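What follows is a single structure, written as structure tokens, with notes after it.
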Amino acid sequence: MEACNCVEPQWPADELLMKYQYISDFFIALAYFSIPLELIYFVKKSAVFPYRWVLVQFGAFIVLCGATHLINLWTFSMHSKTVAIVMTTAKVLTAVVSCATALMLVHIIPDLLSVKTRELFLKNKAAELDREMGLIRTQEETGRHVRMLTHEIRSTLDRHTILKTTLVELGRTLALEECALWMPTRTGLELQLSYTLRQQNPVGYTVPIHLPVINQVFSSNRALKISPNSPVARMRPLAGKHMPGEVVAVRVPLLHLSNFQINDWPELSTKRYALMVLMLPSDSARQWHVHELELVEVVADQVAVALSHAAILEESMRARDLLMEQNIALDLARREAETAIRARNDFLAVMNHEMRTPMHAIIALSSLLQETELTPEQRLMVETILKSSHLLATLINDVLDLSRLEDGSLQLEIATFNLHSVFREVHNLIKPVASVKKLSVSLNLAADLPVQAVGDEKRLMQIVLNVVGNAVKFSKEGSISITAFVAKSESLRDFRAPEFFPVQSDNHFYLRVQVKDSGSGINQQDIPKLFTKFAQTQSLATRNSGGSGLGLAICKRFVNLMEGHIWIESEGPGKGCTAIFIVKLGFAERSNESKLPFVTKVQANHVQTNFPGLKVLVMDDNGVSRSVTKGLLVHLGCDVTTVSSIDEFLHVISQEHKVVFMDVCMPGIDGYELAARIHEKFTKRHERPVLVALTGNIDKMTKENCMRVGMDGVILKPVSVDKMRSVLSELLEHRVLFEAM
């Protein structure tokens, strides 16, 4: 065995101790080798660790330390020089790495300390974020409460429920000791305690509205802290020595509805507010937070909106109820008016028929009497009877016309007619009356005045006759001139009637008629009264002239129907008058209006005077009227048969009868059905007699019904000898005659 060059130990080795060291070095090496593996895993998994190179140095240091301990396992026994060299090298490397690592720690420690500072900064930031999150959660909670409160107060439109709900929800949400609402009084000079959270029935305590604290709150749209000792904060007495909690107040805008309109949006008043006061619990260190004040402000705005909706609803319901009451009253008044109009029309219709029947007898018999041998005194009496009877008949017509004009049932009957003939006929009718008073009447028709026109001939003649008749009535001497011409644009407008707006066109023209007289004249202030029904001027001439006061009133309404205008000019009493009217007529050659079956009036010299042997059948239930009509026809030479019932009528009628006069408005007898049965009995026109309705009913429906059942004419009572003579001539010549109504 070769000798060992190793240094011998100074003390002998203890085998047991050597065994323990051997085992310890093994486990130390094993631990040292495992730690770098763990560091390598940590560096690989960590993406943010900033000192990877330091960990590499620590790993090398630990590996070398482990290597020295591992090499020591071979130094506990005899070992070679190679082992000694390896051991030495390992320890040198370990020393170098250890020193390098120690030096590096000098530079790393400040960085590690700054990491600690950042950690504290991050902790502070985290705490601040926690606080902000808490504030956000608080704001979210506040918003949730606002939404819940808004839903509660918007779920009703009752003002008292809105206000009471607001106080209850605010008290619950903010844990208030008291919450109250001060409302302005009717005068607007005081605030009254109207609603509180804790008291069921507020005492109604009032404070002046001009207090500085109230002005301060009303001048701001924010919730303001006020003194607990303020008059509006003393909502109830404090028991004992409790310290009152903090109090805030906020204004609540109120809607001003003095100018409320159903179809308009009301305006918010800038000077009318309620005051909401909120108090925290007494003897509490709690203070108002910003988010709580914001909640109060939002709630105040929501309450204002809800109150405005409630106020609008209340006012609209009040207006609706008022409108319903007015509509009910108007409907009742309308029905009463319609009932009254129907009653009046029924009365007038009955009176018209009943009055025309005796008038028919008076005028017919008077006209028959006039054609007999009479003394001058007797003839004057008969003429007076006839004149009075015709005046009464005219009055009846005027009253009926006025009634129909007022209820709107009268309509114009448009047809083509001879315009010049209308004026000539009026002239011929007026001349004999005027000659008695020694008045001259002149007629001037312009050269450009159309001969044919389209319009209501009867109503136009009625207007002209009324106006000219008035001129004759109020003139004692002098002259009367009638002028008619087509109105030019410059002469259409009248400054006294700004509502009259004539419009020219190619299909129509405006007829202007002027009737000038040298009569009694009239005061300027009396002119407007002339067109009022039953009105008369107070001059002596007027009082002596008689009249019902209906003529011009009816003329004005007829003129209005014809889209025209009428007025009177006079320089004063004793200076005469000029009556002027303008009416709208159509051009005959340019109009497509259908012509109604009216025939042109037969001139007097073409009328047959007698009708010997003409067989006529008369049916009338009224014995007097039947006898009068028979007397007229017998006087004209006719062979007359009279009947009073349908059965008798159907039994008597034959082809020998050329003309049949029948009253279609007899009680219990349908004259229209009878006319239809005659058409069935006589199918051929030349075999059928001329069917004429002789009636006292002048409504338009009567004429339309007669035309519908095929009757050949309608004649209105009363009928004189001359009128009957003219009627028979027309019927025999044209087999048709519908008198205008």
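Positions of Cβ are set from backbone N, Cα and C atoms, glycine also.
Annotation comment: TrEMBL describes CYS65, HIS69 as Cu cation binding site. Of all Cβ atoms in the shown protein chains, 21 besides its own fall within 10 Å of the Cβ of CYS65 (Cu cation binding site).
The ADP binding site feature in TrEMBL is assigned to ASN470, ALA471, VAL472, LYS473, ASP517, LYS533, SER548, LEU552.
Feature annotation from TrEMBL assigns ubiquitin cross-link to LYS717.
When pLDDT is averaged over the domain 'Histidine kinase' (350-589), the result is 80. Per TrEMBL, domain 'Histidine kinase' is recorded for 350-589.
According to TrEMBL, the feature domain 'Response regulatory' maps to 615-732.
Around the Cβ of ASP663 (4-aspartylphosphate), 24 further Cβ atoms fall within 10 Å across all displayed protein chains. The 4-aspartylphosphate annotation in TrEMBL covers ASP663.
Taken from TrEMBL, the feature transmembrane segment covers 20-41 (among others).
The transmembrane segment annotation in TrEMBL covers 53-71 (among others).
The transmembrane segment feature in TrEMBL is assigned to 83-109 (among others).
Checked against LEU552 (ADP binding site), the recorded positions CYS65, ASP663, LYS717 differ in C-alpha distance, with LYS717 being the nearest. Assigned with DSSP, the residues of the domain 'Response regulatory' (615-732) fall into helix, strand and coil as follows: 52 helix, 24 strand, 42 coil. Here CYS65 (Cu cation binding site) is positioned 154 angstrom away from VAL472 (ADP binding site), judged by their C-alpha atoms. Within the same chain, residues at least six positions away from LYS717 (ubiquitin cross-link) with a Cβ under 8 Å of its Cβ are ARG356, THR357, MET359, HIS360, SER625, LEU694, THR695, GLY696. You'll find the Cα of ASN470 (ADP binding site) roughly 35 Å from the Cα of ASP663 (4-aspartylphosphate). Of all Cβ atoms in the protein chains displayed, 23 besides its own lie within 10 Å of the Cβ of LEU552 (ADP binding site). Cβ contacts within 10 Å of ASP517 (ADP binding site), excluding its own Cβ and spanning all protein chains shown: 25.
Burial estimate for the binding-site residues (ALA471, VAL472): highest at ALA471, by number of other CB atoms within 10 Å.
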